[in-house]
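What follows is a single structure, written as structure tokens, with notes after it.
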Amino acid sequence: MDPLKSFNSNKHLKEEFVSNLSGSSVLEIIALTVSVPMLVLIRQSTSATGAFLKKKNDDAVSKSSNFKAYLATLSLDFIVIVFPMLLCFTVLSNWTYIFTILLTILTLVCIAAKRTAASSISSKGEHNSIRKYITSYRVVVMIITFLCILAVDFRIFPRRYAKTETYGTSLMDLGVGSFVLANSLVSRQARNITSVNWKTAIVSTSPLIILGFLRLVTTTGVDYQVHVSEYGVHWNFFFTLAAVSLLTSFVNIPPQYSGAFGLLVLVVYQFCLIHGLGTYLLSSERGMDIISQNKEGIFSIFGYWGMYLLGVQLGNYLIFGRHSSGLRSTRWVRMRVWILSILFWLLTVFLDKHVERISRRTCNLPYVTSVLADNLQLLSILMLGDLIPGSKTSVLEEALNRNLLATFLLANILTGLVNLSVDTLSASSITALSILAVYAYILSMVIGMADYFGVKLKFW
């Protein structure tokens, strides 16, 4: 495309801005995964117990009052949860460890104060708390995602948090893996609903395929920057999710055996990577055939599929298994999530040192274990909410959870609009932070209002 006619005149500069990066340390990723969910815990510990009416009300005054109160609460959720995350990823990035320590102290104070004030009140609704934690976990993954996908285009966002080129680990490297794992934990397979025929599988996956082609057409049409080494020339995130979903549906593995089968897939794939496949995937040379053009996206499917299968068994074991119900059930799950997170971190360090360095680009075995470790750690922190009597899911969490796909699509649209209308590379820190804050607030409010009025994006 002629640069003079391009919608995106700084395309090549923006592509270079996110290229050849090596990530940050595992310790910093762990610190971020501690601090981010603690913001959610702090908000939950201070949230009111009242509920807002989302149904029609004949009393216009009451209806208007409810809507204003809902928007006020939604804004407060944004201020306490989303905005501090944005600061943590940008202007406070050099104080990550201090920020984590301060949030840890504040969380412990909130828990202690709430428990003291409610010591005489028995915990109620504990039976459904595991589902609440999964909701919070999925929402936190989404918030991190929609903040990072735009922030990465500004200089205010540390390069060590952006996606790595070949080996290493970073905050954004965890994105697609976290999506795959979050979906697998609550999937039909994890719930032992495996009777899906080919027609149903294709129909349910078709929206992802359509979105994949729409992204390909739109990014090409407006000459949008694309980091080719991430997935390939034509491949993208939606195609990966669709491929994993189809593979899981066609190869019907009972959830109690999916972990073993997933591990087998990962070990065989890792063996192939070590014995030549990895060199081919990380090479900058590409042939003219469709496979060579999209080699990273196509071959990494096996890594993501293995991760998904492990997530299915974890979801079946931790969430949908037949262990005891009530308070004991929550403690049972929390203990095992903490243990599994620690074990996966130890395994990640071992594999990274003795087998192959972590590579999101190939989705190798160390990358898979790092995603499992990080996500289970995030969930384990959120499950400390069990120690807060009467804690409840915030309004923003509920809204985002009901429209996760809509949130992601709207975030991508807004990110594209900002990139096409603003020179993100030359924006000052104040300008960048202002744009990011407005973007995140608009996104939160739109999704919140959609939830208030009962609007839900669902393709099937």
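Including glycine, each Cβ sits where the backbone N, Cα and C put it.
Keep in mind the model is a prediction, meaning the values are calculated, not measured.
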Annotated stretch (transmembrane segment, per TrEMBL) among the listed ranges 43-60, 169-186: 169-186
Highest-contact recorded stretch vs the transmembrane segment (137-157), from 20-42, 198-217, 237-253, 260-282, 332-351, CB pairs under 8 Å: 20-42
Stretch-level contact, the transmembrane segment (169-186) and the transmembrane segment (237-253), CB cutoff 8 A, at least 3 pairs: yes
Seg_contact(the transmembrane segment (302-320), the transmembrane segment (237-253)) with at least 3 CB pairs under 8 angstroms, min sep 6: yes
Among 20-42, 237-253, 260-282, stretch most in contact with the transmembrane segment (198-217) (C-beta, under 8 angstroms): 237-253
Non-local residues, at least 6 beyond the ends, that sit with Cβ under 8 Å of the transmembrane segment (260-282): 166, 253, 295-296, 299-300, 302-303, 305-310, 312-313, 355-356, 359, 361-362, 364-365, 368
